[in-house]
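Worksheet for the structure shown next.
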Ligand SMILES: C[S@@+](CC[C@H](N)C(=O)[O-])C[C@H]1O[C@@H](n2cnc3c(N)ncnc32)[C@H](O)[C@@H]1O
Ligand SMILES: O=C(O)C(=O)C[C@]1(C(=O)O)C=C[C@@H](O)C=C1
């Protein structure tokens, strides 16, 4: 009988001092601990995933595509597949990390569902999107080069059918430096409460600082308006993490 090592799935990546902290990558090491890492790092992650499922159930239309952009291990795709009742829909989950995509395929295939789900290795900046009733960008835009974000949001808008839904979740910063610092501190307290040490928090911070560039809420709203969305509202915020819905 084999007994699983309980630490095997725990994020300990930044627990030992590193001489030089390398830029964060969605590689094989991160894949192993990703569910633990994201749950302990992103306040409200489970609520956001459950609500993406609920929203997809409401907005998925017959004979359309549902996109999960930057799908990682497929948590949002699985939640959507559980609640979509519309007929002849297809979920297309895309990620540009080969390690993520390989593991995502295993996760998706581990569960049965009526809606087919294709997991694709690809760059969401160039992958074609069309005839979509729901598009999800859950904590992915922050990893896209800032100058490429507006074009991606425009492509998303063009791919949506009228009445189609876009769900965007991101880390944000507050423009007021005092509020920015407070939200940051509250987020770090959240990480501390979830067992991350000061060293882990500091090293993770250096690892993501060159690769993850959050926007202010007003940047997001402005981009959505420019891309032709008729309605948009944040539906969730906890500290410096938020999620919004926009309707075409
Ligand atoms: C924080 S994770 C997303 C979490 C995931 N959406 C979830 O709900 O669990 C960001 C993901 O975006 C992917 N990513 C970053 N840039 C990308 C790009 N240009 N094309 C496709 N995927 C990308 C990364 O490989 C990573 O898996
Ligand atoms: O802001 C942080 O400290 C994070 O760890 C955030 C964040 C994210 O929002 O995607 C960064 C990388 C990991 O994917 C998990 C969480």
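Each residue, glycine too, has its Cβ placed from N, Cα and C.
Sequence-distant contacts of residue 71 (S-adenosyl-L-methionine binding site), defined as residues of its own chain at least six apart whose C-beta falls under 8 angstroms from its C-beta, comprise 77, 93, 94, 95, 100, 104, 119. When secondary structure is read from DSSP and collapsed to three states, residue 71 (S-adenosyl-L-methionine binding site) falls in the coil class. The S-adenosyl-L-methionine binding site annotation in TrEMBL covers 45, 70, 71, 72, 95, 96, 123, 124, 138, 205.
If you take every residue in the domain 'Methyltransferase' (66-164) and average the pLDDT, you get 98. Annotation comment: TrEMBL describes 66-164 as domain 'Methyltransferase'.
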Next on the checklist: Assuming the binding residues for S-adenosyl-L-methionine are exactly those in the record, 45, 70, 71, 72, 95, 96, 123, 124, 138, 205, what is the maximum CA-CA distance in angstrom, rounded?
Outcome noted: 25
Checklist entry - Can you name the residues of this chain that are 6 or more positions from residue 45 (S-adenosyl-L-methionine binding site) yet have a C-beta less than 8 Å from its C-beta? => result 38, 39
Checklist entry - By a simple count, how many Cβ atoms lie within 10 Å of the Cβ of residue 95 (S-adenosyl-L-methionine binding site), its own Cβ left out? => result 26
